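Taken from Swiss-Prot, the feature active site covers Asp627. The Mn(2+) binding site annotation in Swiss-Prot covers Asp539. Per Swiss-Prot, the feature disulfide bond maps to Cys625-Cys675. What Swiss-Prot records for Asn91, Asn574, Asn636 is N-linked glycosylation site, and it gives sequence analysis as the kind of evidence. Residues or ranges marked as transmembrane segment in Swiss-Prot (evidence: sequence analysis): 26-46.
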Amino acid sequence: MTKIKNLLSFVTQSRAISHTNPREHILNCLTYGLLVIVALCAGFLLWDLSSSPRDGFFHGKRDSHTLILDLEHIQELAVNPEAEQRARNVNCTFWDCLNIYKCEHDRLKVYIYPLQEFVDEQSDKTATTLSSEYFQILEAVLKSRYYTSNPNEACLFLPSLDLLNQNVFDKHLAGAALASLDFWDRGANHIIFNMLPGGAPSYNTVLDVNTDNAIIFGGGFDSWSYRPGFDVAIPVWSPRLVRQHAHATAQRKFLLVVAQLNILPRFVRTLRELSLAHSEQLLLLGACENLDLTMRCPLSQHHKSLEYPRLLSRGKFCLLGRSLRMGQPDLVEIMSQHCIPVIAVDNYVLPFEDVIDWSLASVRIRENELHSVMQKLKAISSVKIVEMQKQVQWLFSKYFKDLKTVTLTALEVLESRIFPLRARSSRQWNTIDTNARSTFNPLFLPSLAPKSQGFTAVILTYDRVESLFLLIQKLAVVPSLQSILVIWNNQKKSPPHLSTFPSISKPLKIRQTKENKLSNRFYPYPEIETEAILTIDDDIIMLTTDELDFGYEVWREFPDHIVGFPSRIHVWENVTMRWHYESEWTNQISMVLTGAAFHHKYWSHMYTHAMPGDIKDWVDEHMNCEDIAMNFLVANITNNPPIKVTPRKKFKCPECTNTEMLSADLNHMRERSACIDRFSKIYGRMPLRTVEFRADPVLFRDNFPDKLKRYNDIGSL
């Protein structure tokens with residue numbers, strides 16, 4: 001208030017010494033009066049802010065202390081009898097029941113409620129009891145990148161109430177406990193883990209608790225109870241699961257193993273009949289007399305008791321049959337032994353079905369077709385079986401190996417819905433990747449193309465001066481060009497003097513290399529200041545200004561791809577059992593040649609400093625395949641195909657003779673086939689991706705006035 005008093009004294013003194021006329025006096029009084037009012041308002045505002053508590057979004061219930069999972073100090077709370085309970089909202093969708101405005105900064109944050117034990121004061125019953133499995137789930141979230149101790153910044157809320165197994169808690173009391181949570185708000189943005197829903201006699205496929213608008217991470221969904229795009233299907237965990245070193249390609253005696261104990265009787269009868277008809281290929285097991293769940297005994301007397309789940313490694317396929325409950329722990333037990341699941345459960349929503357392609361690692365068969373299962377399995381080739389076994393092994397180690405992995409996978413599935421721009425592609429979710437570099441995209445790509453920087457044209461030339469000068473003149477008029485760098489790859493002859501080059505308005509620089517290597521075109525020269533690089537041969541003079549400008553605009557939208565003009569395809573020849581390079585026009589492409597293509601300068605660094613094996617040296621020695629090597633490199637890291645732009649397919653230099661053009665040599669073509677075969681062996685796989693599309697301008701070939709088209713001169717074939 002000191003500032004206000006000083007201002008008032010100043011006003012008083014001003015009035016005392018003022019000797020102006022009445023009109024000026026009135027104006028001065030009004031001015032001083034307004035200043036006094038503003039000063040008083042500011043003073044009261046500052047006083048209010050300094051004296052009032054700064055309530056957060058949850059009105060003072062903020063807790064910024066990191067949660068400690070101390071089982072010795074669990075808070076005991078009484079269930080609020082007046083808390084409103086609402087049944088599960090079966091119509092919930094991602095857009096209706098999830099408040100995405102709580103999910104800020106492009107990251108998923110989960111708040112975990114403190115360990116609490118809700119007690120009914122009338123019956124003195126506890127709502128739920130914490131199991132070791134749920135403790136592991138809480139611990140996994142607590143130690144993950146998703147956890148936040150501040151509910152104000154949380155996107156999701158995870159109760160510490162253990163609802164994994166509906167058989168061990170009172171569902172009515174559990175619903176009341178949920179409604180008593182501080183931030184429940186009808187379950188909005190809350191996630192509930194449940195693996196064993198329902199109970200006798202109905203065995204519902206979803207948790208029989210009043211969860212209102214909460215998201216269910218459930219292990220027993222069918223197609224009727226699952227809310228697509230909202231709930232997340234998770235596996236039913238097995239306490240008997242052990243990590244054993246089963247081999248995906250190991251010799252397995254039986255085609256099909258059946259060791260599930262709770263298959264419905266009508267299906268067991270069918271399996272008994274199949275076992276009699278295929279006794280050498282089907283191993284049918286049941287419970288032993290001592291009811292030891294870690295052992296299985298044959299329904300016939302041909303085999304001794306076997307240890308479970310190790311026995312599953314004896315079969316190529318293992319059956320998951322229909323039982324009273326939809327979800328069963330047998331699925332993860334089967335996968336732990338790298339056995340291919342044969343799923344004979346109609347309408348079962350498989351774990352993480354939204355992102356995992358189960359057709360690559362399982363066989364689904366309708367329940368009423370169980371009698372034909374052996375016939376269907378025999379029709380699968382041995383090569384396909386090995387592929388599926390490897391996929392099962394990879395999926396298990398990636399998403400199912402322990403409760404921590406299951407928990408974090410479920411959260412990532414939900415995160416991919418909330419932040420789709422950061423989501424992994426289906427290929428990334430399902431592709432076995434033996435190369436560490438291809439597990440992530442190294443480029444930090446914005447959701448929208450940034451403001452154009454332009455591109456640097458890097459021209460590789462040797463001695464074709466006339467063609468080089470013509471190309472420079474054509475490039476200079478491209479609006480998006482920033483500069484030109486000429487790589488003079490001839491050590492026996494100096495490049496023409498800069499004064500003899502065409503006079504252009506864009507910066508032009510010349511570098512003479514020390515050795516004649518094709519890899520020189522991909523060296524990250526310091527003269528390259530843009531992210532976009534157009535690598536172009538000195539004889540590619542047929543491209544128009546619009547074609548080049550449009551190609552750059554496409555690259556801006558897909559900067560992690562190779563974007564260009566000449567396209568090729570790789571094919572497998574069954575006769576020679578080798579990969580073949582094909583330049584004929586087909587409906588598919590898998591490579592874009594860097595004789596005229598845009599790429600990010602990051603790939604120049606990778607090509608120069610991190611090319612696998614001896615690929616770079618081999619390219620320089622044979623003076624061939626540098627463009628194929630670049631396509632392999634980018635595809636291996638990103639798992640993305642190149643993008644061809646515009647319909648042009650002919651790139652022959654009109655002034656060049658056939659002997660001048662390297663691609664006209666038949667030996668050159670044979671070497672390129674050998675390159676593809678050699679590179680695939682070095683990478684240990686075929687990383688090239690095949691696509692059946694190209695990019696053309698929106699109004700391409702439309703009956704539209706040329707003046708209204710941005711790109712008129714797209715050229716011909």
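Please read every residue number as a count from 1 along the shown chain.
Quick reminder: no glycine exception, Cβ is built from N, Cα and C everywhere.
In the three-state DSSP classification, Asn91 (N-linked glycosylation site) falls within coil. All protein chains considered, the CB of Cys625 (disulfide bond) has 24 other CB atoms within 10 Å. Distance noted between the C-alpha atoms of Cys625 (disulfide bond) and Asn636 (N-linked glycosylation site) is 16 Å. Checked against Asp539 (Mn(2+) binding site), the recorded positions Asn91, Asn574, Asp627, Asn636, Cys675 differ in C-alpha distance, with Asp627 being the nearest. Classification of Cys675 (disulfide bond) by DSSP places it within a helix.
In the three-state DSSP classification, Asn636 (N-linked glycosylation site) falls within a helix. Between the recorded positions Asp539, Asp627, the minimum number of other C-beta atoms within 10 Å of a residue's C-beta occurs at Asp539. Counting other Cβ atoms within 10 Å of each Cβ, the glycosylation sites Asn574, Asn636 show the lowest value at Asn574. Separating the Cα atoms of Asp627 (active site) and Asn574 (N-linked glycosylation site) is a whole-number distance of 25 Å. With a 10 A radius on its CB, Cys675 (disulfide bond) counts 23 other CB atoms from all the protein chains. DSSP assigns Asn574 (N-linked glycosylation site) to coil in the three-state reduction, outside any helix or strand.
A C-beta separation below 8 Å, combined with a sequence spacing of at least six in one chain, links Asn91 (N-linked glycosylation site) to none of the other residues. Separation of the C-alpha atoms of Cys675 (disulfide bond) and Asn636 (N-linked glycosylation site): 16 Å, rounded to the nearest whole number.
Counting only the Cα atoms, the space from Asn574 (N-linked glycosylation site) to Asn636 (N-linked glycosylation site) is about 24 angstrom.
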